[in-house]
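These notes concern the structure reproduced below.
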Ligand SMILES: NC(=O)C1=CN([C@@H]2O[C@H](COP(=O)(O)OP(=O)(O)OC[C@H]3O[C@@H](n4cnc5c(N)ncnc54)[C@H](O)[C@@H]3O)[C@@H](O)[C@H]2O)C=CC1
Ligand SMILES: O=C(CO)COP(=O)(O)O
């Protein structure tokens with residue numbers, strides 16, 4: 001990948017895809033401002049719905065997700081995936097993890113052979129328990145140097161408002177991560193690099209599951225001790241699984257681990273936390289599902305994460321409680337009793 005006149009396609013015009021495309025367009029403006037004769041990046045956003053795409057092109061706003069928030073006027077959108085992918089050097093994926101495989105099959109014929117693919121997604125595939133980068137590698141047959149992930153404490157709405165935030169760009173090939181960091185760095189978005197793809201992806205997927213549990217606690221009326229306990233033991237659980245899969249434990253105390261966990265578990269903007277909160281407050285699962293219009297990845301990924309734990313001999317008690325509440329009719333009150341009755345243990349994350 002060359003950084004001269006790079007063309008970047010962002011696929012998925014939901015909350016995070018829209019905001020990330022905006023970050024990249026703002027980053028390109030900043031680069032142009034600093035060096036008017038230097039390379040220019042061009043960003044195109046693919047969305048399914050023509051109403052959203054037309055609004056972005058005509059008003060520089062995504063009215064469905066962020067009414068009233070101005071997007072970069074250079075940001076162009078299209079409903080034509082083939083057109084978005086034409087000549088794209090970097091392809092950024094921002095669709096739900098569970099539909100990605102089918103989406104990639106459709107998009108595969110249009111992708112350039114040497115494109116770099118970047119996942120913004122925080123989930124684990126049902127049925128296969130594959131991380132998103134593994135799905136990409138399998139479907140596109142790309143080498144690891146050309147598959148990266150961006151993750152961190154990135155609640156889309158705050159970044160749409162151009163509030164300062166940080167993230168991690170992870171790729172086992174450091175040079176790719178550094179090049180992407182350059183393309184994604186704006187005045188308000190500061191990406192760090194990492195080569196620990198596994199740690200960054202597991203941190204992102206599991207914080208959604210723990211966010212559901214914290215939301216349930218919130219909905220049940222519990223205070224900060226309960227939530228801090230879930231966050232801390234949730235991080236221990238996340239670290240345990242990530243390390244068993246080959247991650248560096250330090251990644252999990254970084255932005256894509258603790259950082260994202262804290263943001264998700266503290267923020268009313270989090271869809272996962274909000275989902276859990278409604279359940280904890282007494283709504284039925286059906287009611288909460290019907291009210292949730294945007295992707296709350298943890299609901300489905302809790303099952304695939306738990307399977308990943310089983311397959312690797314890793315105990316994931318919070319995840320297990322979430323799975324039982326989300327998929328097996330266990331009430332929050334019953335989950336709490338079972339959780340507190342577990343055998344006493346030392347605090348180390350490894351147990
Ligand atoms: N919203 C946020 O603050 C952040 C979200 N993420 C992750 O980004 C990913 C995408 O999430 P959001 O943009 O927030 O979700 P969203 O629900 O706001 O948007 C999802 C987008 O995917 C599209 N979509 C849905 N089903 C599809 C299908 N079958 N085929 C193609 N497109 C389809 C929707 O039309 C929508 O444009 C998730 O994995 C999420 O965990 C990561 C960081 C921040
Ligand atoms: O990933 C996110 C923040 O980093 C968004 O969290 P939710 O998907 O729970 O809204």
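Placed from the backbone N, Cα and C atoms, the Cβ positions cover glycine too.
Automatic prediction, not curation, is the source of TrEMBL annotations.
Cross-referencing 190, 271, 273 with the NADPH binding residues that TrEMBL gives (15, 16, 48, 49, 65, 122, 156, 297) picks out 271. Per TrEMBL, the sn-glycerol 3-phosphate site holds 122, 152, 207, 270, 271, 272; the candidate it also names there, chosen from 196, 260, is 260. Annotation: 270 are the binding-site residues among 122, 207, 260, 270 whose CA atoms are within 10 angstroms of the CA of residue 156 (NAD(+) binding site).
Across the structure, residue 17 (NAD(+) binding site) and residue 65 (NADPH binding site) are spaced 11 Å apart at their Cα atoms. Proximity to ligand 1 at the level of Cβ atoms, with a cut-off under 6 angstroms, picks out none of the binding-site residues 152, 207, 260, 270, 271, 272. Taking the Cβ of residue 271 (NAD(+) binding site) as reference, residues of its chain lying under 8 Å away and at least six apart in sequence are, in sequence order, 292, 294, 295, 296.
Taking a C-beta cut-off of under 8 angstroms and a sequence separation of 6 or more, residue 48 (NADPH binding site) has the following same-chain neighbours: 13, 79.
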